[in-house]
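One structure is given below, encoded as structure tokens.
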Amino acid sequence: MRRVTHPDDPWSGHFSFPGGRMDAADDDILQTCFRETREETGIILSRESLQKTLDPEPAGRNYDSPLLVQPYLFSLSAKPEISLEPSEIESACWLDAKSFMNGSLHKNIEMLPGLKFPAFPLQDYYVWGFTYRLLRSILVVRP
């Protein structure tokens, strides 16, 4: 999914996975995952569809005190209907895993002034940064 452009959002306009901060009403961080995914995409996840709890990953550019993100991997029996929250999500698309695993499609792109990052072209933009790293950890990319 692609985040809405907002001046106060450091990931504004980027491709991302659903997610967000834990609310006091959430029983645990997995409950946060369920709630955020439902709010942002309308997709209902369950403990039964949870395939794997991945290791927490640092996100963002503040390496002295990174934001730790807890990723989860789910398996769904069918492609779900998506209902986007327009105040947070601009658009959504499905990433073709086979294309992503084709290393020849990956590029090093200047995403910040003077800084190049590994990236994967998608629609009119690139998957890069935290989302790219997370996809690389899930999918085996071949040269």
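Including glycine, each Cβ sits where the backbone N, Cα and C put it.
The model shown is predicted, which means the values in this text are computed figures rather than measured ones.
Across the range of the domain 'Nudix hydrolase' (1-117), the DSSP-based residue counts are 24 helix, 29 strand, 64 coil. Feature annotation from TrEMBL assigns domain 'Nudix hydrolase' to 1-117.
Mean pLDDT, taken over the domain 'Nudix hydrolase' (1-117), works out to 93 on the 0 to 100 scale.
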